[in-house]
Amino acid sequence: VAADEGILHALGSGVPPVTKDYCIIYNSNWVSLPKTLDNATFRTLENLTSTVLCSSAEVPSGLMKDKAVVVMRGNCTFLEKARIAQSLGAKMLLVASKSRLSAISDNKTDFEDVTLPIALIRYNDIVDMQLVLGNEVNVTLYSPPLPEFDYSMVVIFLIAVFTVALGGYWSGVAELENLKAVASPGERETRWKKEENVTFTPVTVILFVVICCVMLVLLYFFYKWLVYVIISVFCLASAMSLYNCLAALIGEIPFGQCRITCSNKTIEVRLIFLAIFCMAAAVVWAVFRNEDRWAWILQDILGVAFCLNFIKTLKMPNFKSCVILLGLLLLYDVFFVFITPFITKNGASIMVEVAAGPFGNSEKLPVVIRVPRLEHSASTLCDLPFSLLGFGDIIVPGLLVAYCRRFDVQTRSSSIYYISCTIAYAVGMVLTFIVLALMKMGQPALLYLVPCTLITSSLVAWRRKEMKKFWKGSSYQV
């Protein structure tokens with residue numbers, strides 16, 4: 001049995017004619033579709049979604065002749081429908097499904113006489129076709145080859161490297177301010193009051209990974225309820241993160257610093273407006289999160305702010321903790337992507353199922369950077385209109401980059417650790433995309449990012465004869 005993705009190209013009867021493409025699933029063992037629209041033969045679409053075509057008596061004689069027919073799924077098989085449609089003169093059979101599109105399978109041995117092209121299409125697409133193109137529609141089928149590389153990956157790469165590099169740099173700036181506060185007793189108390197960092201120890205690292213595992217399993221089994229919890233948490237956390245990022249920039253602007261006093265506390269007016277803006281941005285995303293045309297831009301902005309704030313706020317005390325965290329999360333990523341298909345009933349990866357929304361759930365977790373695919377293909381229409389990169393693939397290596405930057409500040413090592421680790425992260429991302437293009441399937445990016453960043457940082461420390469200090473962290477951190 002082979003399940004292949006293709007495209008239904010629909011042409012309206014207006015002037016000028018309006019066209020639109022829709023996803024179809026077909027079986028390449030039954031029919032071979034052309035790869036392009038060149039010399040394509042269009043058929044008039046006959047909408048018979050009021051029937052399931054399990055009997056020739058359901059359709060008036062002559063209604064199907066030389067047409068493309070769309071019917072609903074029913075108790076009979078695809079090939080039984082196709083034999084009836086072919087006997088009534090139809091030239092193409094579309095079977096509309098209200099559930100998730102799945103592989104078209106059947107025993108072809110008993111239906112060798114059936115040569116009619118058969119394809120499965122979403123019922124909602126048939127409704128959309130009538131709304132957009134009208135009642136008189138001509139259609140044809142084709143299946144273009146998958147592109148070797150999609151240029152949306154370049155945008156993903158730039159966003160990821162920018163976020164990791166900026167998050168690490170910001171963490172270094174905060175570290176420098178901390179060192180100055182320690183050296184100046186007058187500033188120490190003020191600085192510690194502002195300090196919002198959380199330091200990970202090896203014990204808290206292990207606890208964090210265990211929580212990640214439990215949360216992923218709970219999402220797999222209770223997705224339709226927990227997805228709204230995650231959306232709510234993301235709105236709150238991303239609004240706070242966006243505020244922290246923009247407040248750091250605004251703090252460098254020397255004008256517009258008028259303040260108001262309330263309950264013996266003073267606050268800048270511009271920060272009040274900033275807080276309102278950040279909350280409004282999160283609310284707008286929450287309301288329009290399923291609007292594919294532009295909501296992804298707002299999600300990416302909020303996501304980048306979330307990752308930046310996380311990398312700056314969460315501090316790794318030493319390289320030992322970094323190795324434990326990145327190593328355990330690498331095993332977590334590989335296990336839930338490659339091992340769980342051997343455990344689940346449907347043979348699907350728990351990680352992939354949760355990312356896509358189990359059981360066809362329309363709500364998606366806001367834990368990824370999304371960029372629309374720029375290359376047109378059947379896969380873009382069917383299930384992957386966006387290139388995705390999880391927040392974890394930015395935050396986890398970003399914590400190591402941030403530690404390298406802070407170590408540079410502490411040892412005054414001219415940013416050698418920070419620059420080397422950032423370059424290693426970029427190389428790991430390129431390696432991920434190469435494997436993705438070769439294997440034509442989603443990859444756990446940490447499988448390539450973790451070795452690249454850990455090995456590079458270790459080599460730099462070993463080459464500079466600072467491995468012991470790098471491993472244990474400075475006395476200030478401890």
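Heads up, the Cβ atoms here are built off N, Cα and C, so glycines get one too.
Remember, predicted model here, so these are calculated numbers, not experimental data.
These come from TrEMBL:
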- 60-125: domain 'PA' (DOMAIN)
- 151-170: transmembrane segment (TRANSMEM)
- 198-222: transmembrane segment (TRANSMEM)
- 228-250: transmembrane segment (TRANSMEM)
- 271-288: transmembrane segment (TRANSMEM)
- 294-311: transmembrane segment (TRANSMEM)
- 323-343: transmembrane segment (TRANSMEM)
- 384-404: transmembrane segment (TRANSMEM)
- 416-439: transmembrane segment (TRANSMEM)
- 445-462: transmembrane segment (TRANSMEM)
Model confidence over the domain 'PA' (60-125), averaged pLDDT: 86
Chain residues in Cβ proximity to the transmembrane segment (198-222) (below 8 Å; excluding those fewer than six residues from its ends, i.e. six or more beyond): 230, 313-317, 320-321, 324-325, 328-329, 332, 336, 350-351, 353-354, 358, 365, 399, 477
Interface-richest range of 151-170, 271-288, 445-462 toward the transmembrane segment (294-311), CB pairs under 8 Å: 151-170
Winner by Cβ pairs under 8 Å against the transmembrane segment (416-439), considering only 151-170, 271-288, 445-462: 445-462
